[in-house]
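Copied over from TrEMBL, here are the features:
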| type | residues | note |
| --- | --- | --- |
| BINDING | ARG75 | pyridoxal 5'-phosphate binding site |
| BINDING | ARG97, SER98, GLN105, ARG304 | substrate binding site |
| MOD_RES | LYS275 | N6-(pyridoxal phosphate)lysine |
| BINDING | ARG389 | tRNA binding site |
Amino acid sequence: MNSENFSISEKIVSPAYIRQGSQARRSHEQLIRLLLEQGKCPEEGWSESTIELFLNELAVMDSNNFLGNCGVGEREGRVASSLVARRHYRLIHGIGRSGDIAAIQPKATGSSLLNKLTNSVVLDILKLSGVRSVASCFVVPMATGMSLTLCFLTLRHKRPKGRYIIWPRIDQKSCFKAMITAGFEPVVVENILEGDELRTDMEAVERKVQELGAENILCIHSTTSCFAPRVPDRLEKLAILSAKYDIPHVVNNAYGVNPMLMECRIDAFVQSLDKNFMVPVGGAIIAGFNESFIQEISRMYPGRASASPSLDVLITLLTLGASGYRKLLAEQKEMYTYLAQELKRLAEAHGERLLHTPHNPISLAMSLDGLQTQSGKSVTQLGSMLFTRQVSGAR
């Protein structure tokens, strides 16, 4: 209620009680005001009541929720199921307009504000996570693979002769299909074994650049998120190589908001929302150190877009707050150390060993030599046994 309604309420209920209720309301509004003023993730997480109040305030600003609204167009926020409407907090219009996912939608002031705030809060979290010089980002309602495709298609306009994408090998279908779908030819560069680690073969990458010709290469497509014994690509060296030959550099950063990223020749880096922020699958963050290029990518997205990924990540970050997110990052490091200790103990108990992969901060691997000598199917059987015991994610 506004101040006028609170004043009227004092004629119905004791003014002392009404003032107490008004003060409680103002405490919620103060948090919302700070978010609007600063555009940053609050230090302490919000209560569900504050978040729901905020979302309801945004929703009533959209035309589909105007009292007496008479929408006669093809997109007026019509929803047949009230359950669906509640699931989306009645924010039905989506984000953007036909020409730009970042554009303001006149019929959806609340949803447009939601979109701008989400991108601002996510940018703040990227900086908090260690990528301090990141200049711009936006949430896109597509998972990592299609988001990478969008980056490649944007580069096509800047490099019309670009036909090839140089790609240090990573055995993951999504990022491979992202290049194929965009209409480019992946040039796979095999990694080299250094100790137990599979690492970027920088000499082979440069040979490919010289062989194909820099003008014929759309970009170098590197990876930071991978499963041991593969370790993240040598980003700094790849960035130096990209700068040397003036070739764009796109990073698949799907599994980790990664402090390894730095302001060198990295044109865009893409990370998954579900893996980094524990929200449903369906969104990603495209970010970079050059604001104008990131804006180019956002303008490449055709048509309006679902607001659901933006809504999910904003709710999550407002719930956690910056302190809660930092706590999760710290817990992740602690659990990684604990997992490494216990996995090493397990491996040694069975005559195996934990591979030494210090350059991979998110994944561990152990040998399975004993199983390999028993039967060709033994390794597969182990995977099946783990899955039936509700251990998922092992490879």
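Placement of Cβ uses the backbone N, Cα and C atoms for every residue, glycine included.
Location within the structure of each feature annotated in TrEMBL.
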| residue | record | Cβ neighbours (10 Å) |
| --- | --- | --- |
| ARG75 | pyridoxal 5'-phosphate binding site | 15 |
| ARG97 | substrate binding site | 18 |
| SER98 | substrate binding site | 11 |
| GLN105 | substrate binding site | 21 |
| LYS275 | N6-(pyridoxal phosphate)lysine | 18 |
| ARG304 | substrate binding site | 21 |
| ARG389 | tRNA binding site | 8 |
Using Cα positions only, nearest of the recorded positions to GLN105 (substrate binding site) (ARG75, LYS275, ARG389): ARG75
Among LYS275, ARG304, ARG389, which are recorded as recorded positions, the nearest neighbour of ARG75 (pyridoxal 5'-phosphate binding site) by Cα: ARG304
Separation of alpha carbons, the residue listed as 'tRNA binding site' and ARG97 (substrate binding site) (Å): 47
Where the record names ARG97, SER98, GLN105, ARG304 as binding substrate, the maximum Cα to Cα distance in Å: 10
Between ARG304 (substrate binding site) and the residue listed as 'N6-(pyridoxal phosphate)lysine', the C-alpha gap once rounded to whole angstrom: 24
Nearest-integer angstrom distance between the alpha carbons (Cα) of ARG389 (tRNA binding site) and LYS275 (N6-(pyridoxal phosphate)lysine): 23
Between LYS275 (N6-(pyridoxal phosphate)lysine) and SER98 (substrate binding site), the C-alpha gap once rounded to whole angstrom: 29
